[in-house]
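Q: Take this structure first; my questions come after.
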Amino acid sequence: QLPADLSKMHLPDPPQPQGTHVPSSHSGCSIASDSGSSSLSDIYQATESEMGDVDLTGLPEAPVDSEDEEEEEDEDIDRTSDPLLGRDVVRECLEKEPADKTDDDIEQLLEFMHQLPAFANMTMSVRRELCSVMIFEVVEQAGAIILEDGQELDSWYVILNGTVEISYPDGKSESLCMGNSFGITPSLDKQYMSGVVRTKVDDCQFVCIAQQDYWRILNHVEKNTHKVEEEGEIVMVKEHRELDRSGTRKGHIVIKATPERLIMHLIEEHSIVDPTYIEDFLLTYRTFLTSPLEVGNKLLEWFTVDSLRDKVTRVVLLWVNNHFNDFEGDPAMTRFLEEFEKNLEDSKMKGHLRLLNIACAAKAKWRQITLQKPSRDSPLFFSLLGGSDKGFGIFVETVEMGSKAAEAGLKRGDQV
């Protein structure tokens, strides 16, 4: 059940004040990656910083914020958390004439409109085009007739606030609420209303899109999409997007594909408008794959191809850095990581191997394992490596499969 008014919708926060510093590791347009890391150097910096505490001695102490500044911050928090402010921002954008809407206005509308069912199955470019031509209308009184039976239709309507009722000629009626649509279909043919549309409550708000615009935008969606076919079946659909009106940042972004094709796209060239595909995939693959090994096995297979080796290594490093739980909690994935490590050693990729070791060490969690021996003389079922005489820490070198040590959770590579 949709909320009855705009104030209950999730609205975009108002623009942040200018001058806010955004850390480089979180910049960009990724909505998926935990860390936002997108290069080997980023991973190195992120993992190095997590290896140990930062020494802050010798740095000058800064004065504590004054009470006036604290009051200003409280006011900022109050303003950003006020849903009415978000609603006002959207309404201001809506009330502008289509020709006067700026890119920022369209982005605000896009953020709001994509939550409504009427726009749910449309591509991003179609929604953006519709937002640029929509007109805002308000009907103050309940019981007002919006469309008469038999009236020629010239617009597509989406309800933003309130409820309307459609009374059909056969006596049946239907109520439509926020996010629902009525009016024309995307065709230039003359269309007529079947039934009477009237408001059920006061202050009903709509956006309207003229028939000519609605038909043009929805019928030109095909030119914005590129379909990849294999053996007569569509395996991937890409949408052409422009991130700004200058035309400098444009390209195709994957919007749907078969699971196999999505995995394959990990090592293909990514568009300038889709730079975070790998991070997005690693965050979302759980929704369409039954096991991460489907990805892992493919990566091991591709590693044997010289031209793909660097791309495969980048995927694995991002995976370890952003989602180490996938490996730490799954014995099969731990074995995959060990095999991948061996492949790096055999290929003499020492720099990448070091990055992998740093990432694993930085992301691993502390665990306490209790292992009970039946007697002092019974074997441990695991072996250790290192110590002061070797010049490095004590690590678990091997663990016998199926042993009590393995059952307790002891793993090769654990540092004691």
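The backbone N, Cα and C atoms fix where each Cβ goes, and this holds for glycine too.
Annotation comment: TrEMBL describes 24-41 as compositional bias 'Low complexity'. Positions annotated as compositional bias 'Acidic residues' by TrEMBL: 64-77. Annotation source TrEMBL lists domain 'Cyclic nucleotide-binding' at 118-218. What TrEMBL lists as domain 'N-terminal Ras-GEF' is 250-363. The domain 'PDZ' feature in TrEMBL is assigned to 368-416. What TrEMBL lists as region 'Disordered' is 1-89.
So that I understand the layout, could you describe where these features sit and how close they are to other parts?
A: Counted with DSSP, the domain 'N-terminal Ras-GEF' (250-363) comes out as 82 helix, 8 strand, 24 coil.
DSSP places the residues of the domain 'PDZ' (368-416) in helix, strand and coil in these numbers: 5 helix, 15 strand, 29 coil.
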Q: For the domain 'PDZ' (368-416), would you mind checking the mean pLDDT of the predicted model?
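A: It averages 87.
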